[in-house]
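Going by Swiss-Prot, these are the annotated features:
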| type | residues | note |
| --- | --- | --- |
| BINDING | 63, 92 | heme b binding site |
| DOMAIN | 2-146 | domain 'Globin' |
């Protein structure tokens, strides 16, 4: 993947501005509410009966924050995202058996939450760079499935 200077700067800027403990949990909770079939991977997380239970679940919050911090690895290794996530791809495909389409669903929810947090600063150009970044991450996480 080729990154422009604008894209690199934009991705770093986004991750320097967002609140991980807010955005991560909100994105994961949104994914679980909007796409309820994704809840099957979180059976050990307790009550996911409705939106209120999901958004108030401390395990969902913690995992959402963990996911967002996991994206830091891609931000720091933008030229080698595929290898950066090689082990995580194996874990999700061979151990957790996560449907790789769910990575895209989560990335869409993350885009919505980040847009809400950044407001007018989340221009079309910024969104394009962010979605390109997330598409590379999603592809890398799904790599083991191919």
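Think of each number as a place in line: the chain as shown, counted from 1.
Glycine too: its Cβ is placed from the backbone N, Cα and C atoms.
In terms of DSSP helix, strand and coil, the domain 'Globin' (2-146) has 118 helix, 0 strand, 27 coil. Along the domain 'Globin' (2-146), the predicted structure has mean pLDDT 90. Its Cβ placed at the centre, residue 63 (heme b binding site) has 16 other Cβ atoms within 10 Å.
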